[in-house]
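Participant: As annotated in Swiss-Prot:
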type: ACT_SITE; residues: SER190; note: active site, charge relay system
type: ACT_SITE; residues: ASP255; note: active site, charge relay system
type: ACT_SITE; residues: HIS284; note: active site, charge relay system
type: MOD_RES; residues: SER307; note: phosphoserine
Amino acid sequence: MNGLSVTELCCLFCCPPCPGRIAAKLAFLPPEPTYSLVPEPEPGPGGAGAAPSGNLRALAGTPGRWKLHLMERADFQYSQRELDTIEVFLTKSSRGNRISCMYVRCVPGARYTVFFSHGNAVDLGQMSSFYIGLGTRINCNIFSYDYSGYGVSSGKPSEKNLYADIDAAWQALRTRYGISPDSIVLYGQSIGTVPTVDLASRYECAAVVLHSPLTSGMRVAFPDTKKTYCFDAFPNIEKVSKITSPVLIIHGTEDEVIDFSHGLALYERCPKAVEPLWVEGAGHNDIELYSQYLERLRRFISQELPSQRA
């Protein structure tokens, strides 16, 4: 779409869409769940075990122990030994939804934990292999969560739920594992950059990585949009300037879903941006396949962050 017709302009300004409708049309494609959480027996009088696995809603937010069960669709690439490094639990958002969380201990004693907000058409089961591979290669542990309506998280996906979901996951990571903000690298991919930018604009952390980010929902739907309207959704462009932590922006020059111009615009608007990574020829879903992706992440986390703290 190269511009807005008179009819489209009339529709926008006479009957503007609400942000929730823009968000729903642009972003949310939750897959069929590729995993389940199985409660592990808790010691108790008479050897009482855990509640039935179907009782997830009632147990959301409790400190019970859970075991990850991956379905074949998750396409897990590692052995049982690696699977055993994955801890899963449930927490509850301020909007009342059960949020599924995952902590992957890739590197004992790792300096940083990457807090990963994933893309729009995957869940934790599908991402688990990637998290193990990423963490071991960049020497970090990985924490992630599923948005409302994804995986075993309850509720429906929405912009408001995105913000509540990441808040709940942030608090769970900090309280459950005692990890301080200066040891957390917030990482958002695609739609995951929306909650990541929102959280990073409100809390300081070690660093932020924005992978194939969008400036706003309207700018994705209508590329010639130059300003942020009150009915826009996902207004990253209005929040990124409030981030006080170092920000690495990664984008493919041939991104067919979120145009490369979005990454450029956010880079220009972000006062804390470091040297970006523009991956020549990469699209929306294949940046990780290029060697410079891991090289840039390693340099950012192992060299640039420690030097900034010195």
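From the backbone N, Cα and C atoms, a Cβ is placed for every residue, glycine too.
Remember, predicted model here, so these are calculated numbers, not experimental data.
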Participant: Report, as a single number, how many Cβ atoms besides its own are within 10 Å of the Cβ of ASP255 (active site, charge relay system).
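Facilitator: Result for ASP255 (active site, charge relay system): 21 neighbouring Cβ atoms inside 10 Å.
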Participant: Closest to ASP255 (active site, charge relay system): which of the recorded positions SER190, HIS284, SER307, going by Cα position?
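Facilitator: That would be HIS284, nearest by Cα distance.
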Participant: Measure from the CA atom of SER190 (active site, charge relay system) to the CA atom of SER307 (phosphoserine) and give the result in Å, rounded to a whole number.
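Facilitator: Cα to Cα, SER307 (phosphoserine) and SER190 (active site, charge relay system) are separated by 28 Å.
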Participant: For the recorded positions listed here, SER190, SER307, which shows the highest count of neighbouring CB atoms within 10 A?
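Facilitator: When each Cβ's neighbours within 10 Å are tallied, SER190 leads.
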Participant: Indicate whether the residue listed as 'phosphoserine' is helix, strand or coil by DSSP.
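Facilitator: In the DSSP reduction, the residue listed as 'phosphoserine' maps to helix.
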